Every structure is written in C-alpha cells, then in structure tokens.
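Asks: Quick one: the structure is below, questions incoming.
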Amino acid sequence: MFQCLHTMLFLSVLVAFAACDAPPVPLDDIIIEKTFVPEQCLRAVKVGDYVRYHYNGMFPDGKKFDSSYDRSSTYNVFVGKKQLIEGMDKGLVGMCVNERRLVKIPPQLAYGKRGYADIIPPDSILHFDVLLLDVWSPEDGVQINTYHTPSICSRKVEVSDYVRYHYNGTLLDGTLFDSSHTRMRTYDTYVGIGWLIAGMDQGLLGMCVGEKRIITMPPSLGYGENGDGSDIPGQASLVFDVVLLDLHNPKDGIAVTNQVVPESCTRKTIAGDFVRYHYNGSLLDGTFFDSSYSRNRTYDTYVGRGYVIAGMDEGLIGVCVGERRTITIPPHLAYGEEGTGSKIPGSAVLVFEVHIIDFHNPSDSTEVTVNYKPEECSKATKKGDFVKYHYNASLMDGTSIDSTYAYGKTYNIVLGANQVVPGMEDGLLDMCVGEKRHIVIPPHLGYGERGVTDEVPGSAVLVFDVELIDLEEGLPEGYMFIWNEDVSPDLFSEMDKNKDDQVEPSEFTDYIMRQVNEGKGRLAPGFDPYRIIDNMFSNQDRNGDGKITEAEFKLKADEAAAHDEL
C-alpha cells in the first residue's frame, strides 16, 4: 500500500511538472472578457462596419508580439470582410466605442499551424487587448441629435444663409480636436455652398437660432482617409456639439415687427425728421450689447439722412409717437463684417427694441388746436397784452413736466416781451379769455438741443394744454406809457414842482404815478412801474446828468426815432 501511494505521489509530481511545461489548453472558439463597458452605447459594431481601434497583441504568458500604440496609429479596417484573422473579425462584433475587451483567439481562428513569420509561432493562442475608438458604415450619412430647441423659431437655416455658431469638435471616442469656445470667437460661414465639410454643410441646415444639436458624420463627409494632417486622424468619424447664435442671408433687408401701435397716430416719421427714442440692443441670440435706458437718456438723431446705421435709418421711418417696434437688421445694413470690436462681433445680426418718444421736423411751426372757445369774445390777445393763464405741460410721450394748477396760481406774462419760449408766444396769440388750447411746440421754438436741466430733455417737443384766465390790454408797440386824455401844454412846468427849470427823478416819478393813479395815463401792464418810469426818465435825460431840462424834454410824437418815453 505504501508503495502504491508513493507511486501515486510520484506520478502526481510528474503530472504537475508536465502541466507546467505543456502548451495552453486548446480553445474551441474565441473567448471575450469585457474589461470596460461605457455607460452609453449608441451603436455596436456589426459585420460590414469600418472600425478604428487600438490594441496590444500578446501571448497567453503576457509576452507582447505587436501593438498599435507603439506605432502611434490606430488599426483601421472593415469588420467581417476577411481583412482580419477570423478570431478578430468575430471578437470586434458587438463592441461599443470606448469599450475595452480582452479577446482570446485559438490558433485555428488566428494564424494556425503556420504561424506568422518569426513573430507568431505555429499553433499559438493569441490575446488581444482591444480599445474601440470609432465605428461607421459606408452607408452612414449625417446623424443629427437636437437636444435643445428654442421656444420661438421664426426662421431656420437654408442653403446660402450665413451663420455664426459655436462648437466643440470631438472624435467618436470623445477626444477633443477643436473648439470655437476656446478661441472665444464664433465660427462664421455660408452654409450649403461648399465652404464647410460636407457633413457640417448638411448638419446645420434647418437649425434655429438658439438651437443646440449634436452632428455626427462619417469620415466620407468629414476629412476622409487622410484626416486633417494634425488633430483629426484618417477615417475618423467626427462629432460636433453646435449652438447656433446668428443667421441671415445676404439678400435680407430689415425686419420690422410692431409691438405696440398707439390708437391715435396723426403723424408718422419721414426722412428728415428728428427723432428721440429709447432702445435696447441685442444680438440675435439675445446677448445684450447696448441700451439708452441704462444711460437714462434717449437717442436723438435725424432719420433717413445717414446719421445712424442704414438698417436703423430705414426702420425708424413710418413710426408714430409712442410706438414700440422690433427692428432686426442684417450685418450688411449694420456694422458689417468688422463689427464694433468688443460689443458687436463681425457679421452680427442686430435686434433693436425701440420706443418712439417724440419726433419733429426742423421746418415745423407751433401747432395749435382750439379745444374750447367761448361764444362771446370781445377782444383777443396780441403782442403787448398782459395775460394770465393756467397750463399743464408735458412731453410728447405724456411725461408731465410742470403745471400751474399744482401751484394754485396762474402764469402771467407780457406777450411779445420774450418772457416765454417763442412757441408759446405764437400759441397764445389771438386767444380769448376762457379759451382752451392744445399747443405743440417743436424744440427749435422751445428749449432747443440743450433743454432744461432735470426738467426738459434736449431736443424735446413740448405739449401745453392752456386755459386763458385774464387779459389786460397792452400799449401800442414801442410805448411804455400812454395818455388817456389830452396832454397838458404845460407838462414840463407841472413836473417841475420846485420851479428850478429842471425835473429831477423824484419829481418825474411822482408826476407819472399821479397821472396813472388818477386815470389820466397808463403804463405798460405786466412790468414793474418804477422800472418803466426810470427808463422813461433816462430817455429824457439826454446828457445823462440826472436832470431833465426843458430843452431836453420832448413828447413821443415829437421824436424822430421811437423810444419808450413820453
């Protein structure tokens, strides 16, 4: 029994040694071990597909006999078309991009009894550590996956359109080869006329501004067999993650969309008008670049005269005060291929949200509308009259400026004495007490280009709703004092109270004021009476010695030239 046991142990040792030196156990078929499987697999290798992969070729003992990594080049081949050893043809089927497999291939599915030159001995089992990088089929076209669609899409990319877009370009395994984002500049080009690789030409068609899509293309629609000689290898599928920012056609004109049109519009802008408007300016993708609101000041300009970009010149024609409109301007009617530097990129479509505040024409005069006129009107206003009136003042957009009602007292002026703006002078003429008027005054007859600080903007049209409360008739033009009765022939001696043959200022003032108080004479209304009398005295005191002699003293009727005097 001992002998038998010893013999058995000896035989076991022999078997063990024999097992160490024996060749690997033959395989009936390939064995696949998946060492890494990606979370997503959009496509698996099928017979007839073209693949790009890296591999390490090893014997079962781990000795390497070949490697694509050593050549710094993937292995590129059709699967299932006998361009590979049979075991590899089978081992690649079903693989996903970025999947890693260890494919064990028996000799009969590899190089068999002949082996391969001095590299692979006969009857060798081969192990291939495979990483799949790319797969496509000759029948493949462009694949589009839209993952964001804007809620509003008024227009889609068509052949010959000019687009601006951002992109990340990767290989199918995710390797980044290019990005417009890293250059911080969009890619700008025509679509569908051969300026792009064929796959991108096709993939951009039908996009909306703001849309995001993944465009995948086979090498036949990308850079083909040779790649780009740098970052894109030959026979590589390409993946572009694209966001469209801008779209126009060279044939485009401006597009105008009315947002708010006032019910009453008695007048629309024409070429040559001066317009005040607010705006927000943005690019087609919504990127803001400028706003008059942020400056708290309207943009003021002539329209139709080349003072603004051509598209705005056109877009501001035919608008009403209070109107809001969206003006979309293609680059050839805006800032062209160059843009304006940091704010407006080259070849950018511009979108202006415009609100018209007011407009006028340099040839405009004061516009008067009579809202109410009393049936009886014995006298109407004229130059020289002293008038008292109430008003509400506003801008054309309705913004209130001032109101006498808020102060509880009328505004009092002498017409023709330059005490109000010229437009108001015009608007108050030939008006009856109790009459109500709507007066529109263009800026050149109002407060002009400068306006009034913190009250009236520059170049603003003014609107006054006026009610005439009282009227005191003025004196004839050129007179500051008139006699209601015949002039005394002893006028000088009556003034010369102390009979020293000269009239002093106090004597002159006392005399004139007495005539006024007794109703014998009248001073021009609306002025300080003592200032008028001082002026009258100065005109009579011809030598300026502070006294009037009889030789100096003359009546108005005796003067060759007109003076504000007796």
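If you go along the chain as it appears here, the first residue is 1 and each next one adds 1.
For all residues, glycine too, the Cβ spot is worked out from N, Cα and C.
Those TrEMBL annotations? Automatic predictions, nothing curated.
Take a look at what TrEMBL says about it:
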{"type": "DOMAIN", "residues": "48-136", "note": "domain 'PPIase FKBP-type'"}
{"type": "DOMAIN", "residues": "160-248", "note": "domain 'PPIase FKBP-type'"}
{"type": "DOMAIN", "residues": "272-360", "note": "domain 'PPIase FKBP-type'"}
{"type": "DOMAIN", "residues": "384-472", "note": "domain 'PPIase FKBP-type'"}
{"type": "DOMAIN", "residues": "483-518", "note": "domain 'EF-hand'"}
{"type": "DOMAIN", "residues": "528-563", "note": "domain 'EF-hand'"}
{"type": "SIGNAL", "residues": "1-20", "note": "signal peptide"}
Asks: Taking DSSP states H, G and I as helix and E and B as strand, how many residues of the domain 'EF-hand' (483-518) are helix, strand and coil?
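Replies: Residue counts for the domain 'EF-hand' (483-518) by secondary structure: 18 helix, 3 strand, 15 coil.
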Asks: Going by DSSP assignments with H, G and I as helix and E and B as strand, what are the residue counts for the domain 'PPIase FKBP-type' (384-472)?
Replies: 13 helix, 37 strand, 39 coil
Asks: Summarise the domain 'PPIase FKBP-type' (272-360) as counts of helix, strand and coil residues per DSSP.
Replies: 12 helix, 35 strand, 42 coil
